[in-house]
């Protein structure tokens, strides 16, 4: 079972916007050393929207090669074209990924039936564990609990990243699906409470900069130690908030650069963190102990 702290890994670029393979390897090693339970490559935080298909597949392969089977690698393969999502999922499988993360189709705004047919088609086309990803704040496309329930019965679909931050929604999803269907948080600030409701982990932005703390938080929540999990979460809360001071992954890439882990690189239309945001984020990093 894929569970625990799953980092939504950034994709490092150099100042010219080229992929930085050395920094990517360094980040993977950092997470292996710091207790991260799984790595999500080329998701939203990994700037999948500004990678071309060849780069997308290269990043997956590089992460898989660096991990060497020590923890699961989940590849982001979602698209708003079902055909493209199938092709990316096939490529991820051939590249050695352990599972795929598939976002709801954005921009074209399918109906609930359209979403069901989209995900069912991908699951039937490619035999690899697949995780649904619901993040309506980015996609303007909200997969309702009843659609998740239908999809939970489709072979190869093993779980969902529920990134609404709505705990009542998460509770309903958990109650509707079978015990073997994995419900993950996609919202750091509410992840503890979702796991205490029965969720199986957190696909985390915060884990990029505080992997050990996030791993400890998830372990405590999943064993039912609410006091310990909430204490860690209270300590991390300034970071949860500051990492969204501008659009993700702008702040988290700046934070990793500040920690000396990646160069200053991001691809348009995203831009480097605004100077007015530097000190608030730096202060949050110091409060949570990730920066001296």
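Just so it is clear, glycine is given a Cβ too, placed from its N, Cα and C backbone atoms.
Taken verbatim from Swiss-Prot:
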{"type": "ACT_SITE", "residues": "133", "note": "active site, proton donor/acceptor"}
{"type": "ACT_SITE", "residues": "161", "note": "active site, schiff-base intermediate with substrate"}
{"type": "BINDING", "residues": "45, 203", "note": "pyruvate binding site"}
{"type": "SITE", "residues": "44", "note": "site 'Part of a proton relay during catalysis'"}
{"type": "SITE", "residues": "107", "note": "site 'Part of a proton relay during catalysis'"}
Among all the protein chains here, how many other CB atoms are within 10 A of the CB of residue 133 (active site, proton donor/acceptor)? 26
May I ask you to report the DSSP-based helix, strand or coil state of residue 203 (pyruvate binding site)? strand
In sequence order, which same-chain residues at least six apart have a C-beta under 8 angstroms from residue 45 (pyruvate binding site)? 8, 9, 10, 205, 208, 248, 249, 252
Show which residues of the chain containing residue 44 (site 'Part of a proton relay during catalysis'), separated from it by at least 6 in sequence, have their CB under 8 Å from its CB. 8, 76, 103, 135, 138, 248, 249
How big is the Cα-to-Cα gap, in Å, between residue 107 (site 'Part of a proton relay during catalysis') and residue 133 (active site, proton donor/acceptor)? 15
Among all protein chains shown, how many Cβ atoms are found within 10 Å of the Cβ of residue 203 (pyruvate binding site), not counting that one? 27
Tell me, by DSSP, whether residue 44 (site 'Part of a proton relay during catalysis') is helix, strand or coil? coil
What is the interatomic distance between the Cα atoms of residue 203 (pyruvate binding site) and residue 133 (active site, proton donor/acceptor), given in whole Å? 10
Suppose we draw a 10 Å sphere around the Cβ of the residue listed as 'active site, schiff-base intermediate with substrate'. How many other Cβ atoms does it contain, all chains included? 27
Cβ contacts within 10 Å for residue 107 (site 'Part of a proton relay during catalysis'), all chains included, total 8
What Cα-Cα separation, expressed in whole Å, is found between residue 161 (active site, schiff-base intermediate with substrate) and residue 133 (active site, proton donor/acceptor)? 5
